[in-house]
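> This is the structure I have questions about; it appears just below.
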Amino acid sequence: MPRLSVEELELSFGGIRALNKLSFAVAEGELCALVGPNGAGKSSVFNCITGLYRPSAGRVVFDGRDLLRLPAHRVAAQGVARTFQNLALFPRLTVLENVLLGGHLNERPGPLACALHLPRHRRAERALRAQADEVLALTGLESLAGNPASGLPYGTLKRVELARALMSRPRLLLLDEPAAGLPHGEVGELGDLIARIRAELGISIVLVEHHMGMVMSISDKVVVLNLGRRICEGTPEEVSRDPEVIAAYLGEAA
Amino acid sequence: MNKNVTRALWAGLLCLLALAPFVVGTVEISAFQKVVYLSVAVMSLNVLTGFNGQASIGHSAFMGIAAYFTALAVQSHGWSYWAALPASILVAALVGALAGVPALRIRGMNLALVTLGLGMVFPQLPIRFTEETGGTQGMPVDEPLAAPAFLNVSDVAWRYWVLLALAALVFWLVRNFRASRVGRAVIAIRDQPIAAHTAGVNVAATKIAVFAVSAGMAGLAGWMFTVANQFVSPSDFTVLVSINLLLGMAIGGSGTLAGPVIGAVFLHYIPEAVNGTGIDPVLTPALYGLILILVVYFLPGGAAGGLAQLSARFAASRRSPDEPGQAPPSTPRLTSSTSHP
Ligand SMILES: Nc1ncnc2c1ncn2[C@@H]1O[C@H](COP(=O)(O)OP(=O)(O)OP(=O)(O)O)[C@@H](O)[C@H]1O
Ligand SMILES: [Mg+2]
């Protein structure tokens, strides 16, 4: 049984069919790339999986459970974490606090324990701190922990968002164009980091990315979308030889 | 600033304030009482608006509900102030939770308008029930919150200490909460509700809970109002009071810990100072407006934000020059302005 299976998703905005009977599956520990031209529906898939958009038909099954009936915060509780195409950080919190928020469901002292500074809250805070330190080390952000999240370089902020997503110890990680806007030198580094995360944590990853070099070098499987439909699926080599893909995507965009 | 230094400063300030009744007269202590309950009121608004990003021009109503509840309970039903304390907070919090429900669907300007409605309606209620409340004339409460006999202190000093202790407790609770999992979630909702939601924060439930807690805190300020003044009237809880609380929050520093206290000092002493200079008090609102514009323009973090920047700069200048100082952050946009994720 695949870890994630997206089945026949349908999503429309007014007259636009953003997703058209879209299906694909991701196995446990697999790194699946989702590529396609602008407007193909890649971010919309993420928004459906994470409970932000409600598709009109179809299913999203994660570990045997249909996610489509759950609100976004319950989807997170199932072990799904994501980053956003446009940064969505908390600018007035520090880097550390941004990452800690990713662990919102890891430890759950209630409001009263927090306000009264009860031992339960202090223990939770220590545990979260230790987890955050690990994630910060993995993403190379240790030295920036105390900085406010505003005012850091774009590439660093992208890593903070990745760290926040990792903090929840997800079983499925959705990355929406993590390399977009990075200076060329950092793209390779980020690719290595993603490959390492997959290797060390053994989690399933869905990667939406326009950087074909990175996609082809680290993915196990590539799903190609165009106009909300899956036009091709296979290993990086298979996909890069597919004539329909070359026509629809690589031909015009690359 | 160093955590221990900050802590010592607050403790020292609290001690000084606690000793005030031995040093200054009754008039000053009454003024201090007012600053104390205003601090709690501004803190309550700060939790809702400063930390959670939900606007309210209705906090005068939450204060008023608890103040009238206390006055009626003590004067007409023979309750003690202490029994009225939790009850009045609970009533205000309950109304706040109800007010928080529409806040789930509406935001920004429209939410401000709904709470404005609440703030406008409230002063009409005592007038509608003039028989019980004295209507526009207001309602005196004969019984004071008396000092326990064995302490052998004046009632004024006792009331002041009670108010001060409760306010300090609230301050401590807010401080703990700010540096906790729940506080981070509350701030995250203000900055990026969608990202908070996908990180597992139950945004709707949290927003309602914050509304209730904030209203309950405003209710505590209302209880304090009745204790301090032994008199309530509709004109004490008009929309203008709400607007003053917003003003105090903005000037003190919204979303900061110390800001509300600074804001409360401002709200009480600036009008006094204006009177002292012999300027026509009619001009006070104009002066407020001017100060507000200047603060928003030059000190967007309010007085507390400005102080924090100063002390950061001070700390940086004392560090060795090769160690990078934490420059006060400029704020580039972290978030895209498009509405969909
Ligand atoms: N909230 C929305 N309201 C209206 N239309 C939307 C919304 N979200 C997506 N769309 C439309 O759905 C289609 C798919 O958009 P989506 O953002 O999923 O594409 P994408 O593959 O992520 O593109 P890009 O590479 O540019 O990020 C587009 O036509 C887009 O305009
Ligand atoms: Mg997209």
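In case you wondered, yes, glycine gets a Cβ from its N, Cα and C as well.
The model shown is predicted, which means the values in this text are computed figures rather than measured ones.
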> Looking at the ranges B:11-36, B:245-270, which is given as transmembrane segment in TrEMBL?
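Among B:11-36, B:245-270, the range TrEMBL annotates as transmembrane segment is B:245-270.
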> If you check TrEMBL, which stretch out of B:111-129, B:187-205 is marked transmembrane segment?
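Checking TrEMBL against the ranges B:111-129, B:187-205, the transmembrane segment one is B:111-129.
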> At a C-beta cut-off of under 8 Å, are there same-chain residues at least 6 beyond the transmembrane segment (B:81-104) that contact it? List them, or none.
54, 58, 61-63, 65-67, 69-70, 73-74, 111, 114-115, 118, 143, 145, 204, 207-220, 222-223, 226-227
